[in-house]
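Some features that Swiss-Prot has for this protein:
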BINDING   Gly11, Ser12, Gly13, Lys14, Gly15, Thr16, Arg128, Gly173  ATP binding site
REGION    31-60  region 'NMP'
BINDING   Thr32, Arg37, His58, Leu59, Val60, Gly86, Phe87, Pro88, Arg89, Gln93, Arg134, Arg145  AMP binding site
REGION    127-137  region 'LID'
Amino acid sequence: MLNVLIFGAPGSGKGTQSEELIRRYGFRHISTGELLRAEIKAQTELGQAAAGYINEGHLVPDSLIVDMMEKLISTLVDTEGIIFDGFPRTIPQAEAMETMLAHHGWKVDIVLNLQVPEEMLIERLLNRGKVSGRSDDNIETIRKRLDVYANETAPLVDFFTRKNVLHNVVGTGTIEEIALRIAPIVDKFRKVSN
């Protein structure tokens, strides 16, 4: 099984390329946001604990997120691969993720870092805001989100580069062109793991 992380600034195409990986390879997509919402809706013990933090305006602790992911991935032993979206965002989260995967005899195999120039990110997000009506896709909020991403993610890029799993991918062009840049990376690792 391949464990794939997709990094990239807001508007870099992470969601779109995740969909391409699912379509091409049958991978399972795990989004921390979706996972939290599902646990809260199901009123599980973990979901109730998370709701308590959220309702008080606090971030859900890393340990709780990792516990939710652990619960989910333990059911995914027969999948071709997992795409992690929105996690990890910090070095402690990355370390916790490595420990969690190691419990199953797995590791982070591939980190895809979608690289898109800032001007193009802003243009994509502004266009997305017009289409989707998302209130967080305005220029002021976009710049703040890009700054937060740059500050939080730079250490992770170094972290995964040192582990020789980071692959920078040019994130400009059509959806298909970008997917064709990613495919050889994934194909190489699929051959090695089979």
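Just so you know, glycine gets a Cβ as well, placed from its N, Cα and C.
Swiss-Prot feature annotations superimposed on the structure.
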{"residue": "Ser12", "record": "ATP binding site", "Cβ neighbours (10 Å)": "24"}
{"residue": "Gly13", "record": "ATP binding site", "Cβ neighbours (10 Å)": "23"}
{"residue": "Lys14", "record": "ATP binding site", "Cβ neighbours (10 Å)": "21"}
{"residue": "Gly15", "record": "ATP binding site", "Cβ neighbours (10 Å)": "13"}
{"residue": "Thr16", "record": "ATP binding site", "Cβ neighbours (10 Å)": "13"}
{"residue": "Thr32", "record": "AMP binding site", "Cβ neighbours (10 Å)": "18"}
{"residue": "Val60", "record": "AMP binding site", "Cβ neighbours (10 Å)": "19"}
{"residue": "Phe87", "record": "AMP binding site", "Cβ neighbours (10 Å)": "21"}
{"residue": "Arg89", "record": "AMP binding site", "Cβ neighbours (10 Å)": "17"}
{"residue": "Gly173", "record": "ATP binding site", "Cβ neighbours (10 Å)": "12"}
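Within the set of binding-site residues Gly11, Ser12, Gly13, Gly15, the entry lying nearest in space to Phe87 (AMP binding site) is Gly15 (CA atoms). Counting residue by residue with DSSP, the region 'NMP' (31-60) contains 21 helix, 1 strand, 8 coil. Listed binding-site residues: His58, Arg128. The one with the lowest count of other Cβ atoms within 10 Å of its Cβ is His58. Within 10 Å of the Cβ of Gly11 (ATP binding site) there are 24 other Cβ atoms, across all protein chains. Mean pLDDT, taken over the region 'LID' (127-137), works out to 70 on the 0 to 100 scale. For Thr16 (ATP binding site), the nearest of the binding-site residues Thr32, His58, Val60, Arg89 in terms of C-alpha separation is Thr32. Straight-line distance linking the Cα atoms of Gly11 (ATP binding site) and Thr32 (AMP binding site), rounded to a whole number, equals 18 Å.
Here His58 (AMP binding site) is positioned 38 angstrom away from Gly173 (ATP binding site), judged by their C-alpha atoms.
A separation of roughly 28 Å, to the nearest angstrom, links the Cα atoms of His58 (AMP binding site) and Arg128 (ATP binding site).
With respect to Ser12 (ATP binding site), the closest of these binding-site residues in Cα terms is Arg89, chosen from Thr32, Val60, Arg89. Arg89 (AMP binding site) sits 16 Å from Gly15 (ATP binding site), taking the CA atoms of both as reference points.
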